[in-house]
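Below is one structure, written out as structure tokens; comments come after it.
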């Protein structure tokens, strides 16, 4: 069939008109169509088949964001605009409109290709553990905003047929308006850079910001806002700049180092605190439930001191308590609710449910065994 078309007079006429014609516009259109067909019906399908066959994660990310397709469309527009600009009569009205349209085409798809390139880079960085935790979303939005501003200036310069430098020089006259319009993005951009440079916040961090009711894990760090998923499954949206201008609590260090603080008190009834006689002290020390952790030569003179010694020894031998960190049992000033005995330690369990179960285990044991020291918990504390 191809031979039939080659021998056909119509085919020969079109061939001569396009390739040998004195009308350069036809050659420009022919090259544009040829480039489009080669790119979209040969090259891009070939790349898609290669990616589908190899199933490489990096190539999949590139094709997912249509980077190659946008680059090809940008190249098509650039080739068309370059050819039209070399035609002998560029001031022809229709030709000028086509040239302007080609340049807008090139500029638009160049912006979309830039967006795709940013998305590809950020997605590739997310797969690298070395860069895990960076605020990618905020950086993406910042770069895309800068690209959109530059695109707008270049587009206006094409439409009004003025140099972009003239528009850039005129920006100073509307700087106040621009600052007002882009106030939040600019503040967010500065805050995002500070958060990233000082490693103050990462996606997945558990933060507390009581003034805004935030207490949960960071889901997204954007250009202007940070989204926090609270423990009651509500979402709190925080302006990014607020995290830099104010203060917040970040629990990431606690999770990374596997040490979560336990700091609770038991209020002892002061009426049950007494001086120990040698016989009474010996009876407590030799009790079957206490003997393994009590020192026979203890210097404790009261039953509450003896209880503190036991509690510290029991916590020190507990497998979920970090003995390489602060561990103490102390008395606080007495109140109307009795004499508070505070237990201060660090648990290796940082996950919420496991941590609460550990606390329940510890204080159930301590409150259950306190009676062996002839001590009682203050009634008001128990009712509370």
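Cβ atoms are placed via backbone N, Cα and C, with glycine included.
What TrEMBL records for 25-47 (among others) is transmembrane segment.
Here TrEMBL flags 67-88 (among others) as transmembrane segment.
For 94-121 (among others), the entry in TrEMBL reads transmembrane segment.
The transmembrane segment annotation in TrEMBL covers 142-159 (among others).
The annotation transmembrane segment is assigned in TrEMBL to 165-182 (among others).
The domain 'Mechanosensitive ion channel MscS' annotation in TrEMBL covers 185-252.
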Key: Intrachain residues whose Cβ lies under 8 Å of the transmembrane segment (67-88), provided they are six or more past its termini   = 24-25, 27-28, 31-32, 35-36, 39-40, 43-44, 47, 95, 98-99, 102-103, 105-107, 109-110, 112-113, 116-117, 120
Ask   = Quick one: DSSP breakdown of the domain 'Mechanosensitive ion channel MscS' (185-252) into helix, strand and coil?
value = 23 helix, 25 strand, 20 coil
